[in-house]
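Each remark here refers to the structure printed beneath this line.
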Amino acid sequence: MTVTKDGGYVRTPLIAGNWKMNMDHVQGITLLQKLAWTLQDAKHDFERVEVAVLPPFTDLRGVQTLVNGDKLPVRYGAQDLSEHDSGAYTGEISGQFLAKLGCSYVLVGHSERRALHSEGAELLQGKIQAALRHGLVPIVCVGEPLEVRRSGEHVSYTVDQLRETLKGLSAEQVAGLVVAYEPVWAIGTGEVASEQDAQEMCAALREFVAQEFSSEAAEGLRLLYGGSVKAANAATILGQTDVDGVLVGGASLDAAEFANIVRFEHHVVA
Ligand SMILES: O=C(CO)COP(=O)(O)O
């Protein structure tokens, strides 16, 4: 993360928890309550380091009620959305509905959806447009599989993936996006990319945005790293210049562990 002279951050760090298909609506409330209490007890400054959770759709109403009722400074969002706003699309969820539930964020193009639901660039462009139409910030996910990493082509592969996914957007729109670099081989495997790997890719993605869109877009865009992030490795990864946050899977299901990731500034590993 880039730190200013007065010790602030150039871009507000974002620590986001992707619960995936875990936590029913009762478990979700308990987890969020524990997380909020832990962070409030620790006097976490939510303006300085932003916290967001991305629960299953069925938890969102409960999360909204808890966040509003207890005035929790935690943001939340969904793990996917439809590219359409309404109509005969059985099983789909509209960005309009997510906005009405107070969502701030929505994941777009997570590698599990790209792989398991064959989501390609054109569909993802539509989903990004749908999110933006309803004032949701898309967290656009990119990252290479193991064979690409082994071939040494990971940077060009991931930059190309981002280029395809962001097609049709203006520089102003890109400036407000969040992009998560999640190498597929590091997701849920315990195999974490090194901090140098995370920095190399995030720097390349920012450079691409500067070239393709504008330097303002590159400066505004927040880049997250995701893949086996835990409290033990978060501070080192977040210490990298071009990494503005983390997208956490498994470790976000444990309130104490996730709170320690949020509080990375207090756990800097020498
Ligand atoms: O896919 C991820 C977050 O979106 C990462 O998952 P893990 O943190 O469980 O590796």
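We number each residue from 1, going along the chain as drawn.
Every residue, even glycine, has its Cβ placed from backbone N, Cα and C.
Remember, TrEMBL labels are computer predictions, not curated facts.
What TrEMBL records for H110 is active site, electrophile. According to TrEMBL, the active site, proton acceptor annotation covers E182. The substrate binding site feature in TrEMBL is assigned to N18, W19, K20, G188, S228, G249, G250.
Here the recorded positions are K20, H110, and the one with the most other Cβ atoms within 10 Å of its Cβ is H110. Proximity to ligand 1 at the level of Cβ atoms, with a cut-off under 6 angstroms, picks out G188, G249, G250 from the binding-site residues K20, G188, G249, G250. Taking CA atoms as the reference points, G188 (substrate binding site) and H110 (active site, electrophile) are 13 Å apart. Listed in chain order, the extra residues whose Cβ falls within 8 Å of the Cβ center of the substrate site residues N18, W19, K20, G188, S228, G249, G250 are N22, I187, V248, A251, S252, L253. Here the CA atom of E182 (active site, proton acceptor) lies 9 Å from the CA atom of S228 (substrate binding site).
Sequence-distant neighbours of W19 (substrate binding site): residues of the same chain at least 6 apart with a C-beta under 8 Å from its C-beta are G28, L31, V53, L54, P55, P56, D59, Q79, S252, L253.
Cα-Cα distance from E182 (active site, proton acceptor) to N18 (substrate binding site): 12 Å (rounded to the nearest whole number). Those residues noted as binding substrate (N18, W19, K20, G188, S228, G249, G250) have their most widely separated CA atoms at a distance of 14 Å. Under a cutoff of 8 A between CB atoms, and with a sequence separation of 6+ in the same chain, the neighbours of G250 (substrate binding site) are G188, S228. For the pair N18 (substrate binding site) and H110 (active site, electrophile), the C-alpha distance works out to 10 angstrom.
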